[in-house]
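Chemist: Shown below is the structure under consideration.
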Amino acid sequence: MGEESLKKRKGGDNGKEDRQSIQSHEPQTMNLQKQAKLFLFLPQSVGLISGICMIVGTIIGSGIFVSPKSVLANVGAVGPSLIIWAACGVLATLGALCFAELGTMITKSGGEYPYLMEAFGPIPAFLFSWTSLLVTKPSSFAIICLSFAEYASAPFYPGCDPPQAVIKCLAAAAIVVITIVNSLSVKLGSYLQNFLTAAKMIIVTIIIVSGIVLLAQGKTENFKDSFKDSKISVSSIALAFYNGLWAYDGWNQLNYITEELKNPYRNLPLSIIIGIPLVTVCYVLINISYFTVMTSTELLQSQAVAVTFGDRVLYPASWIVPLFVAFSTIGSANGTCFTAGRLVYVAGREGHMLKVLSYISVKRLTPAPAIIFYGAIAIIYIIPGDIDTLINYFSFAVWLFYGLTILALIVMRFTRKELRRPIRIPIIIPVIVTLVSILLVLAPIISAPELAYLYCVLFILSGLIVYVLFVHFKFNWPQKISKPITMYLQMLLEVVPAEEVAE
């Protein structure tokens with residue numbers, strides 16, 4: 001930017017700014033902020049259809065196609081397995097309705113973060129962002145992209161497993177592409193999500209219709225005595241729910257982009273009421289289709305249930321299954337990136353992360369620094385050989401914060417009565433979901449206690465040290481280091497702080 005134009009924007013100063021511009025880039029940074037005064041916030045560009053696609057597309061990932069056997073393994077029979085899948089859908093719907101009240105009462109992006117902040121203050125909110133941003137969400141993003149890479153590379157290595165180097169490079173490439181797409185445009189990320197959701201619904205429809213046709217032809221022998229040999233206990237049911245709900249994970253994703261929803265008071269609850277029951281019906285029908293061609297034993301022995309189904313039913317067109325499962329997983333990864341980037345953005349805006357992470361792109365109107373940060377952390381999680389174990393140990397932390405967030409809804413019914421509630425659900429619903437959350441947190445610890453759960457708790461609590469040192473006391477030396485880095489990143493990425501723009 002030339003000196004004359006700089007002086008014009010500064011009101012024709014006496015040259016002081018020119019000297020400063022040689023010594024530092026602060027005037028250019030201020031100019032960047034002035035150029036962005038029209039851009040006060042993230043645009044509301046996600047409508048009802050995109051909201052439904054975001055929920056359906058994020059929930060339906062690789063889980064229903066690869067690992068329904070985990071539910072069956074815990075309950076031991078077809079009948080209880082189908083009941084668990086339906087019950088998980090009901091629980092996800094109840095939880096999402098609680099989030100609908102929270103999202104229309106506190107219309108801020110960031111999912112659980114702003115709700116915990118309003119109900120319990122900054123410490124629980126910081127611990128949630130600390131755990132989510134550094135472990136649960138980026139590692140989940142990495143796992144989904146690794147699943148995509150395995151399915152996408154499998155056709156090129158017939159008869160053997162693809163090399164790990166190929167899988168990891170392809171997964172890293174997928175993360176980079178998704179990160180770039182979501183950094184460039186909210187609409188582009190939303191359109192990509194809509195397309196991939198449509199693609200995954202094609203394979204869902206193929207599996208469901210194939211199952212209905214087989215049932216109509218009389219393939220019902222696997223449903224006889226469907227409760228025989230079932231293993232019913234509190235522990236087994238809890239673990240079955242645990243695995244089933246993992247496949248439903250993503251039911252709260254729309255709350256991460258509340259600020260970008262068109263008419264959130266209408267579209268948030270409608271997207272939930274339409275999207276999650278649709279997923280539940282699909283999940284139950286898909287499992288019924290699986291059981292029409294596989295016995296319980298065969299399903300438990302299958303490495304990839306959907307692929308086994310395709311080999312038996314769709315041959316010679318069985319290649320369709322891994323192709324569309326790859327679409328499904330990349331769609332889930334895109335939805336995860338689209339929403340989780342907003343959590344980083346909101347945490348940065350509240351001063352709980354680096355300030356630059358709360359900045360918005362001047363040209364693209366996206367939280368680009370937050371999305372890039374999220375993608376970079378996810379790539380780091382691809383490097384280890386196996387992070388599935390890490391995800392399993394931190395899964396109970398996810399339900400710990402789910403339960404705490406829904407408890408916040410109950411607490412704010414009494415402490416924040418003045419807040420407007422366009423949606424007000426019966427109090428019994430958040431009570432039920434909170435109790436179930438407690439059960440889901442305690443179930444894996446009681447049934448199979450391991451030191452890894454203790455390490456997880458210690459990691460969460462270690463966030464307290466970070467909070468006290470860098471957020472509460474705000475020591476000067478970290479700010480002296482981060483300030484020039486923030487300034488140069490701001491100019492490199494052409495981003496501005498939302499709070500200053502709003503003034």
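The backbone N, Cα and C atoms fix where each Cβ goes, and this holds for glycine too.
Keep in mind that TrEMBL annotations are predicted by a computer and have not been checked by a curator.
Below are the features listed in TrEMBL for this protein:
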COMPBIAS  1-20  compositional bias 'Basic and acidic residues'
REGION    1-27  region 'Disordered'
TRANSMEM  38-62  transmembrane segment
TRANSMEM  82-103  transmembrane segment
TRANSMEM  165-186  transmembrane segment
TRANSMEM  198-216  transmembrane segment
TRANSMEM  270-293  transmembrane segment
TRANSMEM  319-345  transmembrane segment
TRANSMEM  365-384  transmembrane segment
TRANSMEM  390-411  transmembrane segment
TRANSMEM  423-446  transmembrane segment
TRANSMEM  452-473  transmembrane segment
Chemist: Which of 82-103, 198-216, 270-293, 319-345, 423-446 has the most Cβ pairs closer than 8 Å to the transmembrane segment (165-186)?
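Modeler: Stretch with the highest Cβ contact count: 319-345.
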Chemist: Restricting to the same chain and to residues at least six past its boundaries, which positions have a Cβ under 8 Å from a Cβ of the transmembrane segment (82-103)?
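Modeler: Contacts with the transmembrane segment (82-103): 59, 68, 71, 75, 115, 226, 237, 240-241, 244-245, 247-248, 251-252, 254-255, 258, 264, 268-269, 272-273, 276-277, 279-281, 283-284, 287-288, 402, 405-406, 408-409, 421, 423-425, 429-430, 432-433, 436.
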Chemist: Quick test of the contact rule: Cβ under 8 Å, at least six residues beyond the ends. What residues does that give for the transmembrane segment (270-293)?
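Modeler: Here the qualifying positions are 48, 51-52, 54-56, 59-60, 64, 68, 78, 81-82, 85-86, 88-90, 92-93, 96-97, 99-100, 204, 207-208, 210-212, 214-215, 219-220, 222-223, 247-248, 251, 254, 299, 305, 309, 312-313.
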Chemist: Do any residues, 6 or more residues outside the transmembrane segment (452-473), come within under 8 Å Cβ-to-Cβ of it, and if so which ones?
Modeler: 122-123, 126-127, 130-131, 135, 351-352, 389, 393-394, 396-397, 444-445
